[in-house]
Amino acid sequence: MKYKTQKIAIAYFAVALALFTVQVTLGLILGWIYVSPNFLSEILPFNIGRMLHTNSLVVWLLLGFFGAAYYLVPEESEREIHSTKLAYLQLIILVVGTAGVVVTYLFNLFDGNFLLGNEGREFIEQPRWVKAGIVVAALIFLYNISLTVLAGKKTAITNILLLGLWLLSLLFLFAFYNPANLALDKQYWWFIVHLWVEATWELVMASILAFLMLKLTGVDREVIEKWLYVIVATALFSGILGTGHHYYWIGTPGYWQWIGSIFSTLEIVPFFGMMAFAFVMVWKGRRDHPNKAAMLWALGCATLAFFGAGVWGFLHTLHGVNYYTHGTQITAAHGHLAFFGAYVSLNLAIISYAMPILRGRDPYNQVLNMASFWLMSGGMVFMTFTLTFAGTVQTHLQRVNGQAYMDVQDQLWIFYAMRFGSGVAVVLGALLFIYAMAFPRREVIEPGPAVAAE
Ligand code: HEM
Ligand code: HEM
Ligand SMILES: [Fe+2]
């Protein structure tokens with residue numbers, strides 16, 4: 001570790017991983033409710049658990065991005081972070097906001113209250129006071145990081161990271177705009193939900209991957225920067241108009257069906273680019289970096305993101321297909337693998353790389369970390385298949401044959417049972433990851449002098 005303010009990242013990563021455990025455990029509960037619908041129905045209704053599952057996902061991913069920024073910006077800018085105090089203040093605000101959300105959702109408090117009640121729009125259900133807190137925290141973060149970058153060396157990696165973080169924060173402001181007209185409400189709602197994961201977060205992903213490749217493979221910075229610019233340009237070119245794939249059936253004009261189909265198909269390009277980038281860098285790289293687990297997560301991230309977002313996204317993005325699959329388990333299959341591949345794995349990659357350095361622990365539990373990669377990724381891939389099968393059957397019975405929703409659900413039981421099984425693997429993988437990062441490696445018993453002499 002070259003700069004002492006990089007240590008801020010430890011706190012962010014620790015809180016992120018704690019929330020990650022909460023998120024996947026809630027997923028498991030939701031998965032069990034699908035198998036046994038009355039499970040916990042009095043204490044934790046499905047809709048509340050679902051809000052907590054998706055919101056904790058987004059919050060921990062963002063905390064991970066913030067942590068990644070606090071780790072890599074000093075190294076890139078060759079400067080300490082402008083203010084350590086502000087960085088911790090930002091974390092405290094976010095933790096208090098998260099606690100507020102959990103309490104409000106769990107006990108269903110302040111229903112309908114303008115400031116304190118939850119808003120009920122998927123992913124941005126947070127009460128308005130929490131949203132305001134998020135904006136304050138984001139402003140503190142942007143101020144702190146921007147001043148650091150401006151005072152120091154500017155690299156393509158920090159420029160693109162900052163661009164992504166600024167744009168995603170600005171887009172969050174649409175969370176305050178909730179028009180009464182449902183079509184308009186949805187139109188702006190996708191500005192956050194879609195333009196986050198399919199535009200601005202992609203910039204964050206590309207820059208963090210670039211940083212990891214720079215460190216892990218030792219390829220020249222100029223080569224990495226060229227790739228970075230191409231990826232960012234194709235991401236923005238396709239992703240912005242690609243929002244149209246959510247405008248097919250919400251009451252917007254019909255031309256969106258063509259704009260959405262064409263541009264969202266092009267969204268495969270940046271994800272393919274990131275995968276090709278990662279593999280070409282490893283192939284060209286001269287460095288044999290000892291942290292193989294970080295490399296595994298980085299390559300896994302680029303690959304699973306290509307499949308989850310690119311391939312599974314394309315599967316249902318043409319409007320002729322989406323007409324049938326909209327809002328079925330096909331959507332859930334894609335949502336899970338895309339989020340896991342792109343953003344969960346990205347965070348686990350940078351955490352795997354940075355934590356051993358931050359905590360001065362090298363060698364660390366690397367083999368366990370790699371085992372957690374296979375367990376978690378295997379579980380998520382299996383879950384994606386079970387949901388894809390469930391979604392295919394559902395689409396046919398419900399959308400083609402016209403059977404009632406609940407009658408169809410009854411016939412999908414076996415897929416949901418298998419999804420639950422894969423969820424168990426994911427949760428175990430997550431716990432293993434945390435164990436590998438949190439605890440020192442057991443001492444390796446060196447051969448004694450007698451053995452060595454043989
Ligand atoms: C890191 C891993 C995970 C990620 C990234 C993730 C992500 C998500 C996302 C984005 C949604 C909303 C999906 C949509 O609107 O289509 C969701 C819902 C859900 N997730 Fe997960 N999840 C993860 C782990 C799990 C696990 C381990 C389970 C357990 C089996 C699970 C079960 C569910 C269920 C049952 C829903 C509700 C789906 C519905 O409304 O029909 N998730 N998750
Ligand atoms: C990492 C990037 C991505 C993530 C995290 C992601 C995640 C999601 C999630 C969670 C949903 C469900 C939203 C909801 O209805 O609540 C969704 C919907 C959708 N995604 Fe993605 N996605 C990504 C990239 C893509 C790409 C590249 C494509 C196209 C090639 C795509 C095509 C779609 C389509 C068509 C829907 C609407 C499904 C429906 O009509 O029900 N996604 N995505
Ligand atoms: Fe989208």
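Each Cβ is built from the backbone N, Cα and C atoms, and glycine gets one as well.
Under the heading domain 'Cytochrome oxidase subunit I profile', TrEMBL lists 1-454.
Under the heading transmembrane segment, TrEMBL lists 12-35 (among others).
Annotation source TrEMBL lists transmembrane segment at 55-74 (among others). Residues of the same chain lying 6 or more positions beyond the ends of the transmembrane segment (55-74) and with a Cβ under 8 Å from any Cβ of it are 2-3, 5-6, 8-13, 15-17, 19-20, 22-23, 26, 80-81, 87, 90-91, 94, 98, 101, 105, 123, 125-126, 141, 145, 148-149, 157-158, 161, 165, 204, 208, 211, 339, 343-344, 346-347, 350-351, 354, 358.
The transmembrane segment annotation in TrEMBL covers 86-109 (among others).
TrEMBL lists 129-150 (among others) with the feature transmembrane segment. Taking Cβ pairs closer than 8 Å, the transmembrane segment (129-150) reaches residues 66, 69-70, 73-74, 77, 79-83, 86-87, 89-90, 93-94, 96-97, 100-101, 115-116, 158-159, 162, 165-166, 169, 172-173, 175-176 in its own chain, all 6 or more past its ends.
Per TrEMBL, transmembrane segment is recorded for 157-177 (among others).
The transmembrane segment annotation in TrEMBL covers 189-214 (among others).
What TrEMBL records for 226-249 (among others) is transmembrane segment. With a threshold of 8 Å between CB atoms, the same-chain residues lying at least 6 positions outside the transmembrane segment (226-249) that come near it are 156-157, 160, 186-187, 190-191, 193-195, 198-199, 202-203, 206-207, 210, 256-257, 259-261, 263-264, 266-267, 269-270, 273-274, 277, 280-281, 317, 319, 322-323, 326.
Annotation source TrEMBL lists transmembrane segment at 255-282 (among others).
Positions annotated as transmembrane segment by TrEMBL: 294-315 (among others).
Residues 6, 9-10, 13, 16-17, 20, 57, 60-61, 64-65, 67-68, 71-72, 197, 201-202, 205, 208-209, 211-212, 215-216, 271, 291, 293-294, 297-298, 300-301, 303-309, 312-313, 361, 364, 369, 373, 376-377, 380-381, 383-384, 387, 433, 437 of the same chain sit 6 or more residues outside the transmembrane segment (335-355) yet have a Cβ under 8 Å from a Cβ within it. Taken from TrEMBL, the feature transmembrane segment applies to 335-355 (among others).
Residues 292-293, 296-297, 300, 304, 308, 312, 325, 328-334, 336-337, 340-341, 345, 348, 352, 408, 411-412, 415-416, 418-419, 421-426, 428-430, 432-433, 435-437 of the same chain lie 6 or more positions beyond the ends of the transmembrane segment (367-393) yet place their CB under 8 Å from a CB of it. Marked as transmembrane segment by TrEMBL: 367-393 (among others).
TrEMBL lists 413-435 (among others) with the feature transmembrane segment.
With a cut-off of 8 Å on Cβ pairs spaced 6 or more residues apart, the transmembrane segment (294-315) and the transmembrane segment (86-109) reach fewer than 3 such pairs and are scored as not touching. Counting same-chain residues at least six beyond the ends of the transmembrane segment (255-282), those with a Cβ under 8 angstroms from any Cβ of the stretch are 198, 202, 205-206, 209-210, 213, 216-217, 219, 223-224, 227, 230-232, 234-235, 237-248, 295, 298-299, 301-303, 305-306, 309-311, 313-314, 317-319, 342. The transmembrane segment (413-435) shares more Cβ pairs under 8 Å with 12-35 than with any other stretch in the list 12-35, 86-109, 157-177. Across the domain 'Cytochrome oxidase subunit I profile' (1-454), the prediction's mean pLDDT works out to 95.
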